[in-house]
Every structure is written in structure tokens, then in C-alpha cells.
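One structure is given below, encoded as C-alpha cells.
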Amino acid sequence: PSLLFSSPTMARPSIAHSHICFTQAIHRTLDLRNLLLGVLCFLSNFWNWVLLLCHGTPVNIIVGSHVWVENQSVAWIDGQVSQINEKDVQVQTSDGKKVTVNLSNIYPKDEDAPAGGVDDMTKLSYLHEPGVLQNLASRYQLNEIYTYTGSILIAINPFQKLPHLYDRHMMEQYKGAPLGELSPHVFAIADAAYRQMINEGKSNSILVSGESGAGKTETTKMLMQYLAYLGGRRSTEGRTVEQQVLELCGTNAAFAKSNPVLEAFGNAKTVRNNNSSRFGKFVEIQFDKNGRISGAAIRTYLLERSRVCQVSDPERNYHCFYLLCAAPQEEVEKYKLGDPKTFHYLNQSSCFELVGVSDAQDYLATRRAMDVVGISEKEQEAIFRVVASVLHLGNLQFAKGKETDSSVLKDDKSKFHLQTVAELLMCDLKDLEDALLKRVMVTPEEVIKRSLDPDAATVSRDGLAKTLYSRLFDWLVDKINNSIGQDPSSKSLIGVLDIYGFESFKTNSFEQFCINFTNEKLQQHFNQHVFKMEQEEYTREEIDWSYIEFVDNKDVLDLIEKKPGGIIALLDEACMFPKSTHETFSQKLYQTFKVHKRFIKPKLSRTDFTIAHYAGEVLYQSDLFLDKNKDYVVPEHQDLLSASKCSFVAGLFPPVAEETTKSAKSSKFSSIGSRFKLQLTSLMETLNSTEPHYIRCVKPNNQLKPAIFENVNILQQLRCGGVLEAIRISCAGYPTRKTFFEFLNRFGLLAPEVLEGNADEKVACKKILENMGLAGAQIGKTKVFLRAGQMAELDARRAQKLATAAKTIQRKVRTHITRKYFLALQKAAICLQSSCRDVLRNELGLLQLTEALESFIHVICVIYVG
């Protein structure tokens, strides 16, 4: 209303101010002509005020609409349409700028959306990227970190403690509550999985994904905590299975921070996360017929072997190396360790400590955790002998030998570290040196020993270190599984998958290739599940859905895994031939996939290649693909360590039977990629036999601080997590679903005659859709289903209806005020004319004129205020 009284030249005066000013003006002039001109000026200005009061802002169904437009810094920004020229739209954005965009690149904004967002994004009137982003941002500002998209839970890392969300009272609230009845929560997903398993007798799985630092591990802990609460025994002597599960996942009181064993050997600091899991895991929790936990097992995937030897700045190697260097002095001396800065496998980065973390305390916590899971004192001592030997291996340096293409230990320091490695692994010193510096070639006629040059010896050293560490990690996982114990009679399980999310960095190597292959597999599973859920709702609501198309990512998966001719098969083929290099491998890829729409050859590189994944294009550097793909333990390393006098070390490298060796040579090549592909196939078979539930973890900012919501970063994570793909699938069908009451409450004014005397909401909704002529919209049993764009069309017609009504009201009000003004003006004019005649008769009657004018002004001002 205040805008209607504004004028470029005049502000709205008060009654008293107008009265005084005008009286003073009359007293200042004795010229009747000037007096009358002043009166006419006042009347003219007053008439302008009346016109401003009566004139309402026009409402247009296109110009003035609230929309979202793309913005480079915040992804999407809201604004109002100010001008339309065919397909070009000018928008005044909320940051004060004017932008011109194509009509197809803007999205409608729902002005009726709740300020605090909605707890399920399927309730959004406009289910699109900016709407989803705005809804998540609104909820995050209120510390509402969980939001549903149908049955999918989005969890945004708060980067702060929210203990009230996870206490026992909260568990009691969610126990047995139907999904969607209470606020979104990780407990609700766990409860739904448990109830479905109990009621239907079918195994369930919960898939937790997200990028490093998004909160996957913490989310997994909360899931385990709640499942142990539901399936725990109240009176059992000793450590129960569910207690062991909690210890495994670090959720009980004694191990509240994390699981020290798995985290010490499988986690490391990365650029994005100080405690990043560098392996994927699938935890199976088994239940008996009464719904009690009876066993558990853990499967691990894709341990990042290369991190043992190569660390980028400012990241760290695996935690266990730093823990051992911070152990009590007698331990450090026993393993001949010292400052982490003196070890090559650690000093490639400038980061050696973590803020707020004591490696010395974590070392003791890890030792206690090993006691809990049943690792004996002797085994613990052997474990850290292996860890120390890896550090000493990294300090071996080589120089050229006297013979051609041979090498020797560079100096006395290297000889010291070699001696230490031999002592720690309890193997022969000369055999260890030969295993690192020479290779044995067996021919039918003779046995030939070939020396390695310094570069090849370095590769041999790193290969031994990676093999030692990966075998040690596998042993730890097996030990934990044996400690908890599996229940062979269990027919029901709930599996929790915690695995890397989609990755795309400046440098993407074989690890990212495998990780993204995994996510393509999981995305296919996710798409099929979302499509299935859509079909189930359509069937439940008894509407037709047969025409909806489902777009699969099978073409990407075939590109990667198809045999023969996929990337993994071609990589294995390259690894089988000694003369193959990453250049020849890349050229083979270019030749094979030159017309594949998902494979792109970069213009400025002869070895890189790009794959168009579901989450976006990723540029891979192939230079280390062959080395990282080789799942091959050098026979000299195998023979050396299997002969160790330390039974623990020898157990990590059991002797390979001669028959097995011969058959292995004649069989197809074994590689990391092929082995992982088999593991992934097994995992997908398990997941396909369960009822899946999805949790998408999101990292709101890279500063790892609370209350910061970075739109662009989050939007990319939603793409990578398949959330936007799920929305795309929904948009292929009916993205907008409103209950009959909601639909009539919003759009009943479009056909008021339909509502008169009609108590059947379903019939009323149907008639409104018929009157509007919306093709494709359907009426279900409880909801109205609208195709993409139809909500915007209805809102536009609603806005037009309201605009027409507003104009009618404005016209009536304008007529009423104008008539009221005219009558008052007529009355005042008659009064003024009478006074002027008296003045003309008697020039000394100025005082009478003043009184008359004061009376006139009073009447006008009363009308103005009224």
C-alpha cells in the first residue's frame, strides 16, 4: 500500500502539516490571484494522489512470474520475469541484476511453498533441480538434515554434534512407526528395513553412498546402532553378537569415535576428509526367526593399494603407520622406527599430524580394540612387524650396478633398512635382496637369473610393500569375521553397503575408474528400483503407466565390462603382453571405441580418455592403468615370504602348489580389474535378492564447517548420487502428485461451479481437469497425477483468474473513490464560490476567505485519509 502513495516529486503529507502550511501561505499573500493559483495547485496534486491510490499494479500471467534461472556462483537464483521477446526472457534476479535467458532454461518458482521446506520432495509442486536445491537449503538452515525423496533418504552432514537426534528416546519414537509418519531420519530407514524383513521374510539392504566427507561412515554407525537396538538380546552372558557388531562399527560406548581396527588400517586423511575410508564395505547382519541378531559378516572392496607407496600433498598414508611411530618408546625402538618425516612412504606429503587427534592415544585404542575382537598379543606383535617392515621397505634406494641393467643398494642407510626388513619379516637377508634385485626365468633347458635396473628394482620394492599391506588387511577382515561369527542357519539378513561415491578429480587413475564402474552398477540398480517404486504407486493408485520409458545406463556398463571388447578386457589383454605400454593400450581404446557415444578421445592427449558417465564426463589418465591392474605376486616374493620363520607372515603367503602354478600359467590372465568385476557381480547378486533402501549422504561444503550450504557443490553431489536421475524418472511419469483436498484447495477457484453441491472430491477434481483440457493428467484413488509442466499451466491459469478478479476489484474501488471525491469536491467548490463572492464584495474579507479555505482543506483531508 505504501508504494501506491509514492510519487517521483511528492511524499504523502500529514493532515496537520498540510493544514499549517496552507494557512501560512494564505497569510503571506494578499494577492487574490496568487491565492487562487495556490488552491488550484493543491487540488491538482490531490487529484494525482487519488489516482495513485486507485491505480493497482497490473498482474500478467507471463511478465511478473516468479522463476528460477541458472547462475554460475549459486547454481540457481530466483527472480521475476520483466520482459519477454519471443523465446528470450528478461529476468530481474533477486541480487538486483537483469539477465536474458532462453525460455526453455527457466523454471517456475512456487511462491506458495512453505518457508521451512517440505520433508518429502515428492510433495513439491515443482519437482526440478532448483526446487530440490531450495528445499534442502531451507531445511538445512533449520538443522533439518534429513529429507525424503519418496523412499530415498537424503542426509546432509551437519558438521556438528546433534546428540538429541540419536538418543534412546529417539529410537523408541521410531520403533514400529510407518515410514513417512515421523520426520525423515536414518532410524526410519533402518526400521522400515527391519519390519519388512520380519513381516515378509525377505532380506533387505541399505545402500549408503556419497563422496568423501559426506558422512557415510557415521550414517552406517547410526544404522548399526538402531538395528542392534531392535535385534538385541536383553539378557545374555558375555559379549553378545550385537555388541560385537557395534564394536565392529564403532557405535558402542567404549568405541564411540570409530572402529579402531578397520579405521586404523583402512582409513587415511584425504583432501576432502581427515578420516576417509579408503575401502568399501558391505556388512551383513544376520537374524534368527525371532528377529534377534544371530551373526554378522563384513565384505570389503577396493582397498586403495597405491596409497601405501604414493601419497599426495597434503594427504596422509594409512593411519596405522603414524600410530606405530607414536607408540610407546619401547615399541618404537623394537621396530626401529622414529619420526614419520624420515620415511619415504610418509614424507611425500607435508602432513604428518591431524588437528585434535592424538596418534599415541589412538595406537593404544587400536591395541585395546584388537584385544576385543580376539587378536592375540602374539598376532598383534606380528601385525605391527609387518607394518614397520613396509615403512623400512620404502626407504630402500637403488643405484646402477657394475653389470648392464643391474642395480645395487645405494648406501649404508639402505643396507640398514634392508637388514631391518629381513629381521622384522624373519626371512633370509640374501634371499630378500635377490627377490628385490633379480628375477628368475625358467626355461626347459636352464634357470636364468636376470638383474633389474634401479627403476625396475624400485617397482619391485613398491610391489612387495603393496602386496604385504593388502594381504595384512585381508587377514584383519577375516579375523574380525571369525570373531563375530556367522549364523549358517539364518535365512534373513540386513546388509549395509558403505562404498565410495562417484569420483571426478583433476587426476583420475585406475582407482577412480573402478570406483565409477561400481557406481554405474549401483546406479543401474537404483534406477531399476526407483522405476519399480513408481510402477508400484501407479498400480496402487490404479492409473495407467504403460507408456513411461525407462532409460538404462547399460551402454556405459557394456563399454566397461563387456567380454570381449570392453575396457577391462582390453586392459587385461594389454597386461598379458610384456611389450604393451599405456600408449599402446590407449591407442587400442581409441580404435575400438571411436564411434561409441559414451567414449571420447581428448584432442590434446595421446593417452587420456573420457567416459560419459551418468553423473558427467570423467577424464582418465591411463599412464598407471597397466601397473595398477596387475594382480600378480612375483614368484620370488611369494617364495621368500612363504618361507618366513614368522608363522604369521608365512600364513599371509601360503605356498602355491606346483599343479596350481602350471594351471594358472595356462589359464586366463588374472587382474585387479577382473577380480573386482567378479566381486561386484557377487555383490549385485546379493543386492538383487534383497529389498533395497537408499541413503544419499551429502557434504554441504568443503570447509567441513556447520551452517554453510554451497549450492553448486551440492547440486553436483545430487547428480552423482542419482537423486536428480530419480527426479528425471519421476518427471518421465507424473512428477506432481496432490491429494484431492490439496488439489481442490489450490485450484478449486478455476471452476467454482464444480464445487457447488458436489461432496465427492474425486469427481470434482476430474471435472476441473476436464474443464482445463489437460491431456495426460490422471485421477488415482487418492491423488491427482499431473504430467511435467501441467502444474505450471494450472498455476498460470490460477494467476490469470486472480488477476482478472483483482482488476474487477480495482475498478469497483476506483469508481467508488472517484465518485466520493467528486461529490466532496462539488460541495467544497460551492462553498469556495460563495466565499469568493463575499470577498469580491468586500476586499477587507480576507479573514472570512481564510476560514473558508481552512474548512475546505479540512474536508478534503478527511476524505483523503478516509
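Cβ coordinates come from backbone N, Cα and C, glycine included.
TrEMBL annotations:
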| type | residues | note |
| --- | --- | --- |
| BINDING | G210, E211, S212, G213, A214, G215, K216, T217 | ATP binding site |
| DOMAIN | 62-111 | domain 'Myosin N-terminal SH3-like' |
| DOMAIN | 116-799 | domain 'Myosin motor' |
| REGION | 680-702 | region 'Actin-binding' |
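Summary for the binding-site residues G210, E211, S212: the Cβ-based neighbour count within 10 Å is maximal at G210. For the recorded site, A214 (ATP binding site), the DSSP three-state label reads coil. Cβ-based neighbour count (10 Å, all protein chains) for G213 (ATP binding site) stands at 22. Helix, strand and coil residue tallies for the domain 'Myosin N-terminal SH3-like' (62-111), in that order: 3 helix, 30 strand, 17 coil [DSSP]. Neighbour counts were taken at the CB atom with a 10 A radius for the binding-site residues A214, K216; the maximum falls on K216.
Secondary structure counts, DSSP: the region 'Actin-binding' (680-702) has 9 helix, 8 strand, 6 coil.
The Cβ of G215 (ATP binding site) has A155, N157, C697, K699 as same-chain neighbours under 8 Å, each 6 or more residues away in sequence. Taking the mean position of the Cβ atoms of G210, E211, S212, G213, A214, G215, K216, T217 as the ATP site, the remaining same-chain residues with a Cβ inside 8 Å of that point are N157, N273, S276, G501, C697, K699. In the predicted structure, the domain 'Myosin N-terminal SH3-like' (62-111) carries a mean pLDDT of 91.
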